[in-house]
Amino acid sequence: MNPNCARCGKIVYPTEKVNCLDKFWHKACFHCETCKMTLNMKNYKGYEKKPYCNAHYPKQSFTMVADTPENLRLKQQSELQSQVRYKEEFEKNKGKGFSVVADTPELQRIKKTQDQISNIKYHEEFEKSRMGPSGGEGMEPERRDSQESSSYRRPPEQQQPHHIPTSAPVYQQPQQQPVAQSYGGYKEPAAPVSIQRSAPGGGGKRYRAVYDYSAADEDEVSFQDGDTIINVQQIDDGWMYGTVERTGDTGMLPANYVEAI
């Protein structure tokens with residue numbers, strides 16, 4: 001039995017039959033779907049079981065995904081999860097005023113360098129505040145904290161008295177026994193100590209110690225937090241002269257370690 005033509009639907013006889021694209025065609029019916037140009041087995045191109053010429057062959061492109069109920073549900077779920085995570089991060093970082101940065105080795109090195117610079121600058125400012133105003137003849141040398149000076153003390157002959165107004169009365173300090181200084185196994189003979197200290201007159205103010213202080217020089221006094229300092233006279237911006245009421249010792253004391261009462 002002869003088949004029907006896929007184009008016109010009429011019977012195709014063997015002498016004019018073309019078998020292509022799983023269908024049977026008349027030779028005249030086997031033409032391009034777009035321009036109707038007659039094709040043969042050598043120059044046709046099939047697309048969706050239809051013949052096309054080379055010029056009108058359909059261009060293949062990506063197809064869009066249909067918005068099926070399942071795809072819509074997945075899309076909505078993803079958006080909800082994204083919003084929940086965003087809110088969690090927002091609440092966690094709320095009020096911090098900065099974004100979370102990974103603690104990398106480079107950031108740790110920079111942070112350590114900044115801390116060192118900050119500590120150096122703090123110590124410089126602290127030493128300047130203790131030294132008082134610069135300039136002037138007879139100004140005291142840079143002081144060190146008592147903990148730093150515990151390992152090394154200047155020889156007595158290198159010590160200088162504090163700067164005290166010349167109008168204050170002068171009294172002679174009693175002679176003290178020389179003390180030999182030791183530096184890493186070598187003992188240096190101590191020079192005789194004969195230092196004159198000037199002290200302001202009595203009738204000064206009363207102060208209370210707010211920190212513990214250990215005397216770093218021989219003309220200073222040691223005191224503890226809470227001790228009362230009597231007969232206090234202002235020497236300069238950084239130092240005072242007074243008597244510790246608890247021990248009876250008289251000498252220089254730092255002004256930023258006491259407060260008026």
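The backbone N, Cα and C atoms fix where each Cβ goes, glycine too.
Pulled from TrEMBL, these are the features on record:
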{"type": "DOMAIN", "residues": "3-63", "note": "domain 'LIM zinc-binding'"}
{"type": "REGION", "residues": "109-207", "note": "region 'Disordered'"}
{"type": "COMPBIAS", "residues": "121-130", "note": "compositional bias 'Basic and acidic residues'"}
{"type": "COMPBIAS", "residues": "148-161", "note": "compositional bias 'Polar residues'"}
{"type": "COMPBIAS", "residues": "167-183", "note": "compositional bias 'Low complexity'"}
{"type": "DOMAIN", "residues": "202-261", "note": "domain 'SH3'"}
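As a whole-number mean, the pLDDT of the domain 'SH3' (202-261) in this prediction is 90. Counting residues per DSSP class in helix, strand and coil order gives 3 helix, 29 strand, 28 coil for the domain 'SH3' (202-261).
Mapped onto DSSP classes, the domain 'LIM zinc-binding' (3-63) shows 3 helix, 18 strand, 40 coil.
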